[in-house]
């Protein structure tokens, strides 16, 4: 069985202009990603500010991306919530719109136990019958999908991957022992750890920085797959990632997507833009990175 994708999937931002979703900017951004070797596009996830999007906006964004991508790469819809029934309904609608897969975060606030996680994810997968990427991000949910739970869920025919945002390599190794990596993919959810994640057998990354450097980030994966040492190749990307860590995602990345013309530098409350000085430093760091490519 082949994986859903290998390499770089982009956790897509949502462009706003005057607090409205800018569909034309969205199309421009997606075309840029497709032209620069993105291997998958993840819509309506954390980076998209999904908690601030209405159901209608989420569906319009997803349909726009699906129509534009036209099956060239997988489109994965973020449909997970902390309510199983609502997650099912959102996932069914995503399937009806043409999504290739869904991504499901662990329930938050009314968090459950591991047995509840199994029932939650299996109920959605059973109802929707579309490939599922589990999303483990304990820094945002205060809950983790334990390796034993991943093992159980990986046996489900529609649960095919894990987005692992733990930044914990012991966790990765424990999961690897318990799954068949030929049929179940492990994607990093942390751009800054991809060198070691790839070395330890990860199949790719669901990336924030790839919103602005998709080609360069995919080239890193391709080089590693070719057996090359990618530490030096990663260093300039690492410098840009350090600059992006000035604030909480997606606040910094939208300072760069807007710089490239993909909507205004706008976020919806409770998120706020960087201070002007931080925005200037981040954009200068991006310019330095791009200039270094051309030397």
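In case you wondered, yes, glycine gets a Cβ from its N, Cα and C as well.
Lifted from Swiss-Prot, the feature list:
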{"type": "ACT_SITE", "residues": "135", "note": "active site, proton donor/acceptor"}
{"type": "ACT_SITE", "residues": "163", "note": "active site, schiff-base intermediate with substrate"}
{"type": "BINDING", "residues": "47, 206", "note": "pyruvate binding site"}
{"type": "SITE", "residues": "46", "note": "site 'Part of a proton relay during catalysis'"}
{"type": "SITE", "residues": "109", "note": "site 'Part of a proton relay during catalysis'"}
DSSP says residue 135 (active site, proton donor/acceptor), in three-state terms, is strand
Spatially, and counting Cα to Cα, which of the recorded positions is closest to residue 109 (site 'Part of a proton relay during catalysis')? Options: 47, 135, 163, 206. 135
Output, ordered by sequence, the same-chain residues six or more apart from residue 206 (pyruvate binding site) with a CB under 8 Å from its CB, or 'none'. 9, 10, 11, 40, 42, 45, 103, 133, 163, 187, 188, 189
Measuring Cα to Cα, tell me the gap between the residue listed as 'active site, proton donor/acceptor' and residue 46 (site 'Part of a proton relay during catalysis') in whole angstrom. 11
According to DSSP, which kind of secondary structure is residue 109 (site 'Part of a proton relay during catalysis') found in, if we only use helix, strand and coil? coil
Here the recorded positions are 109, 135; the one whose Cβ sees the most other Cβ atoms within 10 Å is 135
